[in-house]
């Protein structure tokens with residue numbers, strides 16, 4: 001079966017984005033370190049892989065002819081015919097017995113020319129002729145029941161036209177023909193179910209009772225094939241679609257995916273809602289109210305259309321399961337992709353550290369325990385006013401005892417710890433110190449006296465000093481040019497000084513270095 005993949009998955013695979021422009025911020029280097037455009041590239045590669053895998057799956061779906069060759073559709077026809085003819089043959093009174101020709105005209109009118117199943121009318125009419133010849137009483141009962149139901153439906157729903165009623169009768173008379181419709185011939189149903197009106201549910205109670213006869217055999221034989229969401233047998237938009245239970249592995253995968261997306265959304269939305277507890281409570285209340293409304297709506301739909309949708313649930317999911325899986329996976333990927341983009345932008349622009357700091361402060365302030373909690377955890381002891389007064393009195397008594405044990409002033413003076421001083425005595429002491437210092441300064445010896453005593457010996461006393469005008473720093477002077485004899489005399493003088501005049505410790509004499517003669 002040549003069928004192109006759904007057009008919804010094509011524009012979602014975007015090209016690789018260029019790296020962001022450098023910003024003059026403190027955390028501009030984080031963008032170059034983490035390289036978020038590489039994350040986007042990896043995400044796009046994953047999206048491409050998933051879309052290619054889904055395209056392969058859709059390309060590998062089997063057609064109607066292959067299923068007939070394998071014998072699956074013939075088995076379903078036989079089981080449905082045997083189940084439809086056997087139970088409760090005499091329960092409904094026969095009002096009219098239409099002939100095979102009238103039944104053929106009804107079924108040909110029931111198949112609309114614009115419907116996808118109009119191509120197989122010849123084969124379906126032959127099957128109906130065989131079944132009507134074999135069981136004329138059953139066909140009469142079924143046609144009379146369907147005509148009565150059409151009358152009731154016409155009274156309840158005046159907007160419904162004749163072709164829809166004929167399609168209803170045709171679908172009831174030939175249930176195997178609805179099973180033979182392939183996935184390529186059926187239009188894709190809407191992904192979200194619409195609530196059915198009560199009038200249509202009342203009008204089709206008898207229809208669902210007969211459709212339940214075919215449900216047992218068809219569901220038992222086609223459980224691995226039929227799964228998920230299926231179209232209605234009449235093709236009318238008023239009858240809703242119901243999801244059949246998926247296998248446990250698929251359910252676990254979808255649960256994990258839903259939990260991951262919910263965690264990401266809560267983490268990003270919680271940052272805005274944490275600041276104001278009132279806003280957070282409003283969000284929780286609105287979320288719980290919406291969940292309760294959704295549960296009530298689901299329960300109403302399930303009670304109204306449970307019996308009529310069991311027959312339609314098996315086939316529609318087989319036809320649309322790839323589209324459903326594709327849409328859910330792409331939604332999750334888009335959410336994760338948008339979250340990563342927001343995180344990368346916040347890292348590059350420098351807003352993430354500020355948000356984290358504010359969140360940490362808010363969390364610390366929010367998690368501060370109250371006085372009651374501290375008392376409950378026995379960290380802050382519970383005390384009454386009387387107990388507090390007693391504790392204060394005990395502390396006062398301890399302080400008064402310590403103050404009474406302090407020594408008196410007389411005792412401190414006697415121990416020479418505290419000295420009584422007057423201004424006159426302090427001035428006299430200062431005057432004595434000044435006189436002593438002046439006397440010492442006046443008695444200082446002069447430079448000549450120090451030289452005589454050989455106490456003050458400066459560098460200028462034993463070195464010839466030249467005046468600044470006569471001194472030249474350049475070394476190319478005749479008295480700086482030493483000959484070999486002058487150098488030898490200098491070395492000899494140094495050796496004599498070291499050996500005779502220089503005092504060296506006996507243990508370190510061997511370390512004295514002499515110059516060569």
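Every residue gets a Cβ built from N, Cα and C, even glycine.
Packing against the coiled coil (408-444) from elsewhere in the chain is no residue: none 6 or more residues past its ends has a CB under 8 Å from a CB in it. Per Swiss-Prot, the feature coiled coil maps to 408-444.
As annotated by Swiss-Prot, compositional bias 'Polar residues' applies to 92-129 (among others).
Annotation source Swiss-Prot lists compositional bias 'Polar residues' at 157-172 (among others).
Annotation comment: Swiss-Prot describes 187-198 as compositional bias 'Pro residues'.
Annotation comment: Swiss-Prot describes 188 as phosphoserine, evidence class a large-scale study or a structure entry.
Per Swiss-Prot, region 'Disordered' is recorded for 1-24 (among others).
Look at Swiss-Prot and you will find 41-247 (among others) tagged as region 'Disordered'.
Residues or ranges marked as region 'Disordered' in Swiss-Prot: 260-320 (among others).
Taking the repeat 'RPEL 1' (52-77) as a whole, pLDDT averages 75 in the prediction. Look at Swiss-Prot and you will find 52-77 tagged as repeat 'RPEL 1'.
Residues or ranges marked as repeat 'RPEL 2' in Swiss-Prot: 359-384.
Under the heading repeat 'RPEL 3', Swiss-Prot lists 397-422.
The repeat 'RPEL 4' annotation in Swiss-Prot covers 435-460.
Assigned with DSSP, the residues of the repeat 'RPEL 2' (359-384) fall into helix, strand and coil as follows: 14 helix, 0 strand, 12 coil. Secondary structure of the repeat 'RPEL 3' (397-422) per DSSP (helix as H, G, I; strand as E, B; remaining residues coil): 14 helix, 0 strand, 12 coil. Secondary structure by DSSP for the repeat 'RPEL 4' (435-460): 16 helix, 0 strand, 10 coil.
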